Amino acid sequence: MSRARISNYRKGVAAVALSAALAGAFVVTGPLGALNEARAEAVHVTPPPQAGFADLVEKVRPAVVSVRVKKDVQETSNRGPQFFGPPGFDQLPDGHPLKRFFRDFGMEPRGDSRSDNRRGKANKPRPGHERPVAQGSGFVISEDGYVVTNNHVVSDGDAYTVVLDDGTELDAKLIGADPRTDLAVLKINAPKRKFVYVAFGDDNKVRVGDWVVAVGNPFGLGGTVTSGIVSARGRDIGAGPYDDFIQIDAAVNKGNSGGPAFDLSGEVIGINTAIFSPSGGSVGIAFAIPSSTAKQVVDQLIKKGSVERGWIGVQIQPVTKDIAASLGLAEEKGAIVASPQDDGPAAKAGIKAGDVITAVNGETVQDPRDLARKVANIAPGEKAALTVWRKNKAEEINVTIAAMPNDKGKSGSQSNDNDGGQGETLDSYGLTVVPSEDGKGVVVTDVDPDSDAADRGIRSGDVIVSVNNQTVKTAGDINKAITAAEKSGRKAVLLQLQSNDQSRFVALPINQE
């Protein structure tokens, strides 16, 4: 074949190949367009096996109840001005739903203008009757109808009604209440009925970030379910000496008090008790009593109707950074004994003012609140080994736990009539002091408002009893104690103060110039 023919043959083949390629391109374009149209269809996602809490709620909800509380009201008369009812109440027509609502709750208009005929017997003194005063939530913990709720829900009541999830209303009686932990137990009056109930779980296994489900009766609406997570542990909200709340962000509102917070196993890990809210509604900050605390209290309330706690009889305060430095402690942990109560268990065992209790039965004490809880959980009559820090070393003291006595309010303050004369000035601390009349310590007569002493709350009239656990009677004794502390390398000195029959410790930094 000549070169010319070969060249023409190659050109022909190339042309055919190009035509085929173009044809193929058009063939492929059709299906690609169809694929694009398929991709425009709605996306369908298969849900995970556990998409919600419906199964859990279905099982636990029958055990959650609403609690209605009523109180006996003394004889009243409808004549004259009334103190209940909103402005404009008397302008509402008879039969108006709001008027019926307020009257159902014992509220009457200010100056009811109805005629005597329309009042019927209402113009006569009404006999004592029960008026609703509170409502909250609770949950059944036994087949025979024991119900756990909050003390603040039932504390003002004389009669109690429990409303089950199906709407059944049953009378109940108060078995016992514990204001210190804000817990109470009711017993439903239905001896032949077997109730669905829930169990307490172990809140010590609950971690921050775990799911929780809250069930309750917000605003009296009836069984309502919300969910959230554990936001924090060990919260102290100033409600009492045993504060140790679990913080959750599930929606909790008024009326949820006493209701349960469940883990995903359907066990109660907390009792919803309080919320933090500037508006009165839920802002995602709720507090629940841990189940470990509740179980101990509830068991005692059912058995005895009251709670008996361990007690050692000490006034305690936190170990601050300055106090730790003044005592040679490596950590700001424990509780310093401001004063042991005369003839109390601690005093009898040899616990002294200035001792720092760092452990109970080998368990570290974090702070005064932790010490109070640990001691309270020990049965009266048992012995407890307290580890105390005294004179730069730890030692163990056995204390026989007693039952906590009933609170006795301390009356009035005690004034100090010592005019102090001229007094001596401790220039480095901005204090002027004079010896006390009974020879026990020195009395502070003046405090420089710009001094460290003023910043730490020392005031005129306070009595300095000791410095670094050394008794003092003069300003010279104080200076000697400060000098000794400085030579030993301490950065602060510990003052024991007495005021209004109360003892406390204050650490002042040593001014090293």
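Yeah, the Cβs are placed from backbone N, Cα and C, and that goes for glycine too.
What Swiss-Prot says about this protein:
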type	residues	note
ACT_SITE	H152	active site, charge relay system
ACT_SITE	D182	active site, charge relay system
ACT_SITE	S257	active site, charge relay system
BINDING	G255, N256, S257, I312, G313, V314, Q315, I316	substrate binding site
COMPBIAS	101-119	compositional bias 'Basic and acidic residues'
DOMAIN	300-391	domain 'PDZ 1'
DOMAIN	414-500	domain 'PDZ 2'
REGION	100-135	region 'Disordered'
REGION	125-299	region 'Serine protease'
REGION	403-428	region 'Disordered'
SIGNAL	1-25	signal peptide
Inset, instruction - Note the mean pLDDT of the domain 'PDZ 1' (300-391), expressed as a whole number. - result: 92
Inset, instruction - Round to a whole number and give the Cα-to-Cα distance in Å for the pair S257 (active site, charge relay system) and H152 (active site, charge relay system). - result: 8
Legend entry - recorded positions: N256, S257, Q315 - member with fewest neighbouring CB atoms within 10 Å: Q315
Legend entry - Fewest-neighbour residue among binding-site residues, criterion Cβ within 10 Å, set I312, V314: V314
Inset, instruction - Restricting to the same chain and to sequence separations of six or more, state which residues have a Cβ under 8 Å from that of I316 (substrate binding site). - result: A335, I336, V337, A338, I357, P368, L371, A372
Inset, instruction - Around the Cβ of G255 (substrate binding site), how many other Cβ atoms lie within 10 Å? Please give the count over every shown protein chain. - result: 22
Inset, instruction - Could you put numbers on the helix, strand and coil content of the domain 'PDZ 1' (300-391), residue by residue per DSSP? - result: 26 helix, 28 strand, 38 coil
Legend entry - Three-class DSSP secondary structure - H152 (active site, charge relay system): helix
Legend entry - Distance from D182 (active site, charge relay system) back to Q315 (substrate binding site), taken between C-alpha atoms, in Å: 23
Inset, instruction - Please spell out the DSSP helix, strand and coil residue counts for the domain 'PDZ 2' (414-500). - result: 17 helix, 29 strand, 41 coil
Inset, instruction - Taking the Cβ of H152 (active site, charge relay system) as the centre, count every other Cβ atom within 10 Å, in any protein chain shown. - result: 19
Inset, instruction - Starting from each candidate's C-beta and looking 10 angstroms out, tell me which of the recorded positions D182, G313 has the most other C-beta atoms. - result: D182
